[in-house]
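Contents: one structure, followed by commentary.
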Amino acid sequence: MEIRKRILADMQVAETIDAHEEIRKSVEFLKAYLKKNTFLKSFVLGISGGQDSTLTGKLAQLAISEMRDETGDNEYQFFAVSLPYGTQLDESDRQDALNFMNPDNRLTVNIKASVDASVAALAEAGVELSDFAKGNEKARERMKVQYAIAAMHKGVVVGTDHSAEAVTGFYTKYGDGGTDINPLFRLNKRQGKALLKELGCPEHLYLKKPTADLEDNKPALPDEVALGVTYDQIDDYLEGKEVPADAAAKIENWFIKTEHKRHMAITIFDDFWK
């Protein structure tokens, strides 16, 4: 039980929430960051068409719109970036998500040429990437592009990581995990759905099965299959509810196994890994 106490303390998930209050909490958090760092003028976010980027994008646009209204400074902008590898299977969902969040700016950068070039260069050097490793290349290329856009617009990269994802470390280190600010952390998956429902999001965007969709050989592989545990079980665990012993063990194993992802590069003074 000690490990669960630690996880619950780290993940900060409330047993119940008020969706409207949590929306305002995230928006005010994003605005406060811009107000504190007055040299920053934009948010940049990669949009997949899934629940997490849809919610994060809507919150980011709300924050930017309010900053413009409050300051009269039209330099405040939100950049929603589509980053397909070739053709995305659920492109229609991404377009629905973009229409829902109505971002100031829509950009599309196809990462296929860049990823394939990296894979080919590594192969030429004698390093043949597995399909899984190539999937991580895609995630890191997407983040590289977002930071390039942010650099040109006085921006920061907004992350989609929430507590149900953070507890399992279900993201690529220095890929989708390598962001500047994460307005969803403290929420689990079902709570994110509640916020989207409150915001009037089309329900198919938050009822679809979550997938990282990184592997060529396993297209649209559901997160729950990859993790071996359901989001309902993860959410129950984070809310302090009873879950099957095998599910709890899997969640705790993921937490321990991926702890390095929740830290910057370790130094001689760090002891979490010992």
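Glycine too: its Cβ is placed from the backbone N, Cα and C atoms.
A quick note: this is a predicted structure, and the numbers were derived from the prediction, not measured.
For reference, Swiss-Prot has these:
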BINDING   Gly46, Ile47, Ser48, Gly49, Gly50, Gln51, Asp52, Ser53, Thr160, Lys189, Thr211  ATP binding site
BINDING   Asp52, Glu165  Mg(2+) binding site
BINDING   Arg140, Lys173, Asp180, His260, Lys261  deamido-NAD(+) binding site
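Positions of Swiss-Prot features highlighted on the structure.
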residue	record	contacts (Cβ under 8 Å, 6+ apart)
Ser48	ATP binding site	Arg94, Ala97, Asp213
Gly50	ATP binding site	Asp93, Ala97, Leu205, Lys208, Pro210, Thr211
Asp52	ATP binding site	Thr160, Asp161, His162, Glu165, Leu184, Gly192, Pro210
Arg140	deamido-NAD(+) binding site	Thr172, Tyr174, Gly175, Gly178
Lys173	deamido-NAD(+) binding site	His260, Lys261
Asp180	deamido-NAD(+) binding site	Ala150, Val156, Val157, Val158, Gly159
* Residues near Gly46 (ATP binding site) in space but at least six apart in sequence (CB under 8 A) -> Ser53, Val81, Ser82, Leu83, Arg142, Met143, Val145, Gln146, Asp176
* Asked: If you count other Cβ atoms within 10 Å of each one's Cβ, which of the binding-site residues Thr160, Thr211 has the most?
  -> Thr160
* Asked: Ranked by the number of other Cβ atoms within 10 Å of their own Cβ, which of the binding-site residues His260, Lys261 ranks first?
  -> Lys261
* Structure fact -> Row Glu165 (Mg(2+) binding site), column other C-beta within 10 angstroms, all chains, value 27
* For ATP, with binders Gly46, Ile47, Ser48, Gly49, Gly50, Gln51, Asp52, Ser53, Thr160, Lys189, Thr211, what's the maximum Cα separation in whole Å? -> 19
